[in-house]
Number of protein chains: 2
Amino acid sequence: MLTDHQILRIPGPTPIPPSVQRAMNLPMIGHRGEETSELLKRIHPRLKPIFGTEQEVLILAGSGTAGLETAVVNTTQAGDEVLVLVTGSFGDRFAKICETYQLKIHRLDVPWGDAVDPEQVNAYLQNHPSIKVVFATYCETSTGVLNPIQEIASAIQSASDALFIVDGVSCIGGVKAKMDEWGIDILVTGSQKAFMLPTGLAFVAASERAWKVIEENPQPRFYLDLRKYRDNLAKYTTPFTPALSLLFGLEQALNLLETEGLENVYKRHQLMMEMTREACQALDLPLLTADDTASPTVTAIYPEDFEADQLRKVLKTEFGLSFAGGQNHLKGKIFRIGHMGYCTPADVLQFISLLELGLQQIGVKRDFGKGTIAAQTIYLERRK
Amino acid sequence: MLTDHQILRIPGPTPIPPSVQRAMNLPMIGHRGEETSELLKRIHPRLKPIFGTEQEVLILAGSGTAGLETAVVNTTQAGDEVLVLVTGSFGDRFAKICETYQLKIHRLDVPWGDAVDPEQVNAYLQNHPSIKVVFATYCETSTGVLNPIQEIASAIQSASDALFIVDGVSCIGGVKAKMDEWGIDILVTGSQKAFMLPTGLAFVAASERAWKVIEENPQPRFYLDLRKYRDNLAKYTTPFTPALSLLFGLEQALNLLETEGLENVYKRHQLMMEMTREACQALDLPLLTADDTASPTVTAIYPEDFEADQLRKVLKTEFGLSFAGGQNHLKGKIFRIGHMGYCTPADVLQFISLLELGLQQIGVKRDFGKGTIAAQTIYLERRK
């Protein structure tokens, strides 16, 4: 096997475009110099449309989890009542962070693979008026559910004054977000998903309403203090050493997103999801999520007649193709396909035909080509 | 469209493996220092099995054509009678170089798409005993023919003492070559094909018999004087400034070839050819070459019911997929698919499914999936 040939189709980290990789190889510059200021000045306004906000999108050096913790520590203190909408392991992570800071947690768990029901959130908040913050996951990476964030935001607003904090790590940049319009108070994402970058940048934007809470919140925080990032950005600098190579890469990733056009980027992700789902259905591979709550960035398959991990193993060994496995109680039960960021319909056709081969190789009887044909057909129907 | 997404499937230059790209980014070193000597010492013995020779494989900074001209100017002088076996535009290139040096050229042309008949070469040489050199092309890039070099070598040997000079540019590293055993006197290749490198290195090896001619040949040559390369290599240096970044890359490309194992590399190329040809046949796409003379590195298709260039255009525009067009009288008539070097069966499945989509998009009626299924089937049959 040609060893230096990897096909990375996990829901992040995602492959890096060559031009982004090249940009990250630019020579290091002084992080307190004029060039860094200019870089920040160029980058920051361009993040706003991706978040759908007029607020500044602040950048921390850290993984997505640093962004989630930032949202928690800047808006809450011990004893605060919060509602965490848990649809999978990343909803669970929000809950764990809240536990660490001794918040009083209400959990609204839905079965993994299902989405949050906005009505239920509304009812819950009406019954619990002391809840100050609601946490939700936009795309639940562990299941491939895209929660109806806009509807959840409305449901919250009509029942409560609670802040709405959203983990958008595995979808922002690949799906539409209208933070201001929908009424999201804090939106978080990371660099290693639809932004087509390595892990290392966390992006956090906060609404005016959230900023009022953040300003007055007595919770101790130093590195994750959002105020520091905001105040320094106003002077086009950073409170701590910025991850400059990743910022070089980010500038080029933004070039790519803007050249394609954000609407087209979202359409491409939608199309890749549809191709993947149609192919799986044609191959009798049960999908974990329903059509109307499926994420354009990741698809989970729950096979009934074979071991998910056996398929994953043969695809990795034979073709260097990586799909992700399941997490928690879905470990070994499902496999997950990432189709976001640096991924195109051509890549979808490739992993579908390899999936067909892999099934054959582990002795699962499926007709060759059925998935490919379904994906090709939907491509031609929907591409315009 | 995601602009930074290219699928390069022309018969060279071929894509560069990431680890080779990284190796080429190593810091520059002094070309007359110990490190360069050590690099040459490490690289050179590893080229011999690829050429199938005990002779040194000499490296020039230049494209494949520099290698071809090197073979000509080192072995011939004006007025020498030579036989050029022309099966396409690269056979023609040998003839043009020979013309430039005022050799007396005998041409044996076969229709483009056909291979040389060794019997015919034998007969021709018996009728023309004054021919000193025979030139042939191993893989004719313009048609995808793999000439029967071993049989041609035998046919020459049984008729004549002429040197046998072979252009192996678009196949060496992807198909077997047994220079010493078969009796090739000079074998040439370039870096931008099955070696998985950018253009810029020409490789030339000469037999003992050829070296005797080279030593005594009065033809003036300076940069292309093979003796200089041989004599300098004996001291682990080079006559002129070596293309060091390409040599860094070459060392890593050799690592990849050796890790996979040369026999496995050849099998992979054979399999990719079979997958491509079976798919084309399933899709009623006429192949330019016959099965027994088809090259494992490039396949030419001669469509009867559509414009080759229209298909190529839609594939490039829509998917960033590049196939090559035809040359000379086949311009616009054929398209050529490169499947060599940094290319795997997974890549073949990708371009086949895109080819199916492209046909549909230009209004050519073919069943979706037929080519994919044929390629998948042959993969499973032949992979071991």
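Cβ atoms here come from the backbone N, Cα and C positions, even for glycine.
Pulled from TrEMBL, these are the features on record:
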{"type": "BINDING", "residues": "A:Arg336", "note": "substrate binding site"}
{"type": "DOMAIN", "residues": "A:28-328", "note": "domain 'Aminotransferase class V'"}
{"type": "MOD_RES", "residues": "A:Lys193", "note": "N6-(pyridoxal phosphate)lysine"}
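For A:Arg336 (substrate binding site), the same-chain residues that are 6 or more apart in sequence and have a Cβ closer than 8 Å to its Cβ are A:Ile10, A:Pro11, A:Thr141, A:Ser142, A:Gly144, A:Val298, A:Thr299, A:Ala300, A:Ile301, A:Phe323, A:Ala324, A:Gly325, A:Gly326.
Neighbour count (other Cβ atoms within 10 Å of the Cβ, all protein chains): 28 for A:Lys193 (N6-(pyridoxal phosphate)lysine). Annotation note: the residue listed as 'N6-(pyridoxal phosphate)lysine' sits in a coil segment as assigned by DSSP. Mean model confidence for the domain 'Aminotransferase class V' (A:28-328) is a pLDDT of 97.
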